[in-house]
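Data block below; observations after.
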Amino acid sequence: MRTSIATVSLSGSLTEKLTAASRAGFDGVEIFENDLLASPLAPEEIRARCADLGLRIDLYQPMRDMEAVPADVFASNLRRARHKFELMSRLGADTVLVCSSVHPLAVDDDALAAGQLRELAGLAQEFGIRVAYEALAWGRHVSTYEHAWNIVEAADHPALGTCLDSFHILSRGSDPKGIEDIPGEKIFFLQLADAPLLAMDVLQWSRHYRCFPGQGGFDVADLVRRVLHTGYAGPLSLEVFNDVYRQAEAGPTAVDAHRSLLLLQETVGVTAPPAPVVPTGVAFAELVTPDAEPVASLLGALGFTRTARHRSKPVDLWQQGEARVLVNTGPAGRRDGTSLAAIGLESPDPAGAALRAEALLAPVLPRRRAAADAPLDAVAAPDGTELFFCATDRAELPNWRADFEDVAHESGPGGVRGSSGGVRGIDHLALAQPWHQFDEAALFHRSVLGLHAQESVDVADPYGLMRSRAVTNADGSVRIALSVGAAPSDDTVHAQHIALATDDVVTAARRFREAGGRVLPIPANYYDDLAARFEFAEGELEAYRELGILYDRDAYGEFRHCYTRTVGRVFFELAQRDGGYRGYGAQNAPVRLAAQHTVTGG
Ligand SMILES: O=C(O)c1ccc(O)c(O)c1
Ligand SMILES: [Mg+2]
């Protein structure tokens with residue numbers, strides 16, 4: 001289907017918005033009146049620019065307070081409409097949106113509304129223009145799509161139809177089933193937006209919190225299925241008023257937006273892109289650092305062994321159990337300090353995973369970095385993290401491990417694969433997102449990788465608020481915790497971490513300490529609170545208190561975890577997950593964040 005986006009959904013000048021929409025692959029735009037008024041370009045120039053960019057102007061909007069008004073007001077409305085229709089002719093736009101009146105003099109009189117809309121449509125017809133009448137959820141007398149359609153039906157004019165907007169319909173809790181009773185050819189336009197489920201004034205909700213389909217709590221796909229059932233053949237058009245997207249760069253927002261429509265079309269069954277190839281495990285986490293020493297000593301204390309070195313690059317492989325950490329001292333680390341730059345994901349079909357990623361607009365990275373390297377399929381996540389699709393030790397496929405040469409090392413108890421620090425593998429990876437890319441990141445991991453997104457949780461930080469949302473595969477062997485801070489400058493909120501899975505966090509923490517590691521100290525008040533909330537076995541709480549171990553419990557099981565100090569942007573967590581615990585210790589995160597502020601900020 002054709003895809004379109006309202007210029008109000010993107011940041012910048014009209015020209016920037018149009019360029020971003022075109023680059024992201026949209027077929028058309030809704031020109032929002034304010035964007036045109038503020039543009040130095042003449043309507044003819046905008047028309048030409050759109051044509052050059054391969055964009056159709058699918059809609060001009062909005063026209064307000066048109067109908068159900070006293071005769072003198074309506075007369076001046078018609079005068080205003082004539083001006084706008086002339087403008088639309090210059091633009092080459094053939095459909096105008098009229099949203100239901102909020103005029104203080106508007107009356108609750110459907111016959112009057114229908115009569116005036118018929119007259120307006122008659123005028124529009126002279127210009128070859130169609131009028132699409134939309135019920136605003138906060139319209140003075142018309143606030144539901146059924147009501148707007150009844151008026152359109154009564155007006156009975158070929159140049160008058162209705163515009164459906166998923167936000168207005170779903171925010172009011174209207175049943176979208178009734179959409180199927182509207183003839184498809186009378187649905188002149190379809191605007192799509194999702195929104196988080198919030199209990200607030202619907203106008204404020206609409207103007208500030210709309211998001212792209214799949215990023216909120218509405219069942220937009222169900223609504224679209226019903227609209228398609230009517231035979232509607234117009235574009236799927238995004239109209240998202242959102243405070244974050246107003247500020248964020250238009251280019252990435254437009255890509256995020258288009259990705260949401262690609263996923264939506266797949267969900268409703270009108271397209272069949274390459275299926276997602278869900279990752280089955282974490283092959284490695286790669287740190288880049290200007291100085292390997294602090295990272296090496298931390299990994300050593302955690303019980304990791306440096307087992308191999310990359311054949312052509314300054315990259316070491318550190319291993320313990322199934323946990324593999326690459327330490328890269330190449331150019332990227334010198335630029336950014338120590339950070340988590342890449343994740344290797346075990347993939348049943350790396351090439352298929354890359355095809356899926358490409359179809360969903362993920363930037364595909366070059367397969368081969370150096371002549372001798374194994375050609376690996378990789379893409380960049382919105383925050384720039386490189387995701388490698390790996391087939392570790394599968395003979396028929398390129399193997400990242402083959403780029404590494406074993407180095408002499410002392411194997412701990414159980415050999416290289418043994419876990420001298422009690423670490424079994426990687427429990428999860430936590431990635432701090434840029435403040436404006438949180439919703440985009442969740443949609444990216446869901447649509448590109450086929451991961452499931454859990455509920456978003458809010459976590460108090462001493463100097464702000466952190467939001468966190470995990471994306472996982474079905475068996476929990478891939479867990480990525482995405483977080484975002486409210487304060488863009490907050491370093492603790494921006495830290496990333498690697499959580500290491502252990503079956504016995506008390507022993508692992510003790511070994512770490514004995515090996516010279518320093519656990520993040522946790523205040524005594526926290527343990528007094530734990531004692532009040534839970535009953536522990538003899539000596540258990542004392543061990544947690546001594547070792548800085550935090551405790552949580554959910555309906556499924558228990559979680560015990562502690563943290564290392566931070567190197568650059570990165571720290572480690574030792575995590576013991578028992579009995580099917582599903583969370584990430586969010587309950588403890590405020591205490592952890594405060595403790596990290598204390599350590600870094602004094
Ligand atoms: O918030 C508004 O005023 C507004 C305007 C036009 C629309 O299509 C809409 O859904 C909302
Ligand atoms: Mg709308």
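Residue 1 is the first one shown; counting continues down the chain.
Even glycines carry a Cβ here, placed using N, Cα and C.
Here is what TrEMBL records for this protein:
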- GLU134, ASP165, GLN191, GLU239: divalent metal cation binding site (BINDING)
- 281-392: domain 'VOC' (DOMAIN)
- 425-577: domain 'VOC' (DOMAIN)
- HIS428, HIS497, GLU573: Mg(2+) binding site (BINDING)
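Apart from the site residues HIS428, HIS497, GLU573, the chain places the Cβ of ASP427, LEU429, ALA430, ALA481, ILE498, ALA499, LEU500, PHE572, ALA575, TYR584 no farther than 8 Å from the centroid of the site's Cβ atoms, the recorded Mg(2+) location. Checked against ligand 1, the binding-site residues ASP165, HIS497, GLU573 give ASP165 in sequence order as having a Cβ less than 6 Å away from one of its atoms. Across the domain 'VOC' (425-577), the prediction's mean pLDDT works out to 93. Screening the binding-site residues ASP165, GLU239, HIS428, HIS497, GLU573 for a C-beta under 6 A from any atom of ligand 2 leaves ASP165, GLU239. Contacts of GLU239 (divalent metal cation binding site) defined by a Cβ separation under 8 A and a same-chain sequence distance of 6+ are given as ILE5, ALA6, VAL8, SER9, GLU30, ASP165, PHE167, GLN191, LEU192, ALA193, ARG210, in order along the sequence. Between the CA atoms of GLU134 (divalent metal cation binding site) and HIS428 (Mg(2+) binding site) there is a gap of 46 Å. GLN191 (divalent metal cation binding site) has a Cβ environment of 25 other Cβ atoms inside 10 Å. Taking the centroid of the Cβ atoms of GLU134, ASP165, GLN191, GLU239 as the divalent metal cation site, the other same-chain residues with Cβ within 8 Å of it are LEU97, CYS163, LEU164, SER166, PHE167, HIS168, PHE189, LEU190, LEU192, ALA193, SER237. GLU239 (divalent metal cation binding site) falls outside any helix or strand according to DSSP and counts as coil.
The number of other Cβ atoms within 10 Å of the Cβ belonging to HIS497 (Mg(2+) binding site), over all protein chains shown, comes to 23. In the structure shown, the C-beta of ASP165 has more C-beta neighbours within 10 angstroms than that of any other entry among the binding-site residues GLU134, ASP165, GLU573. Neighbour list (HIS428 (Mg(2+) binding site), Cβ cut-off 8 Å, at least 6 residues apart, same chain): ALA470, ARG479, ILE480, ALA481, ALA499, ALA575, TYR584. According to DSSP, HIS428 (Mg(2+) binding site) is assigned to a strand segment.
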